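Lifted from TrEMBL, the feature list:
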- 37-180: domain 'Potassium channel inwardly rectifying transmembrane' (DOMAIN)
- 73-94: transmembrane segment (TRANSMEM)
- 151-175: transmembrane segment (TRANSMEM)
- 188-358: domain 'Inward rectifier potassium channel C-terminal' (DOMAIN)
- 372-397: region 'Disordered' (REGION)
- 384-397: compositional bias 'Low complexity' (COMPBIAS)
Amino acid sequence: MLARKSIIPEEYVLARIAAENLRKPRIRDRPRKARFIAKNGACNLAHKNIREQGRFLQDIFTTLVDLKWRHTLVIFTMSFLCSWLLFAMMWWLVAFAHGDMDPSTENSANSTKWTPCVTCVRSFTSAFLFSIEVQVTIGFGGRMMTEECPLAITVLILQNIVGLIINAVMLGCIFMKTAQAHRRAETLIFSRQAVIAVRNGKLCFMFRVGDLRKSMIISASVRIQVVKKTTTPEGEVIPIHQVDIPVDNPIESNNIFLVAPLIICHVIDKRSPLYDISAADLVLQDLELIVILEGVVETTGITTQARTSYVAEEILWGHRFVPIVTEEEGVYAVDYSKFGNTVKVAAPRCSARELDEKPSILIQTLQKSELSHQNSLRKRNSMRRNNSIRRSNSMRRTNSSLIVPKVQFITPEGSQSASET
């Protein structure tokens, strides 16, 4: 607007805008890549164009367990209804073939002592009710089998066997769905973010894992894998290239005692895929670190697995987790409100390779952090000293304002006397 009114030349305005654009370069947001494992452990993978669908029917029990609850309940209900209707049709055919449906036969039954195959089965509705009584073993007593028809006895045995099979399969399926291992993994939690900091003189990748239940996970083990897209020297593109990275564990075995939240550490050394990555390169890396925790549930004996992943944006360089386990009145207490809290610490911004080649970088970083810490302490002490001086001066001023000046009184005799009030 000022340029339009000729107050400021237009050339100056354009030059200033260009200078501002040069000082503040535009950073284009890199499109977020889909992660393989979600934070809750779900696999972000869709199976498409599966032609051999019959393979799922070969393992029908696992297929039923993997179905959603609404589908399982529909199949559970329809299996019983279909079996009841099928055998109701068979009972109706047995009664119809024997002549139990003919009213004339029923009228002549009093004189000839005629015996039906199943008493009180005169329609399809009564046959359906008798089918339910046989399969569910209710036995109201109004309808019963007789010795008249061997075919009816065969149908009775067949229905009992089929009913037992349906009960075993469906109840077992529902039990397995309610006792699935991933339900136990809901109480195994991971920190929302991972950190990279110096531990024992080396750069380490760390995250925290904990168990919310009192029942423990037996023989718990932690595995870490790096998943990224790579290209071989021959030009082959591997979209999901998995690389195992070791976990630093003072115990020879890979098992951990998960009685309280633990910080799992991976030392970034020559074997690590993070060996050549610095703090500046980490943001540009297209990698995902998948964490897998496996163990046996103490109460059920079922093996469970909990998963999570960390992408480059979720890894904090130069941070450390705060301690959350304290001893209170002889009991170790865990404050889960600070489970994912971190604090900044001194850490070199270079890669682990550069740190191994030049160990002096770590010493210089620690010295700088120590000097900055001392300077901050000096500033705090000086501020406290200044505040105390200001308070003492203000107190002196208030005290001096409260002092009453001396007043002289002159007596009639002309003598002066001083008194204080």
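Any Cβ shown, glycine's included, is placed from N, Cα and C.
Those TrEMBL annotations? Automatic predictions, nothing curated.
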PLDDT averaged over every residue in the domain 'Inward rectifier potassium channel C-terminal' (188-358): 86
Beyond the flanks of the transmembrane segment (151-175) by at least 6 residues, Cβ under 8 Å: 61, 64-65, 72, 75-76, 79-80, 83, 87, 90-91, 94, 117-118, 131, 134-136, 145
Per-state residue totals over the domain 'Potassium channel inwardly rectifying transmembrane' (37-180) - DSSP helix, strand, coil: 93 helix, 4 strand, 47 coil
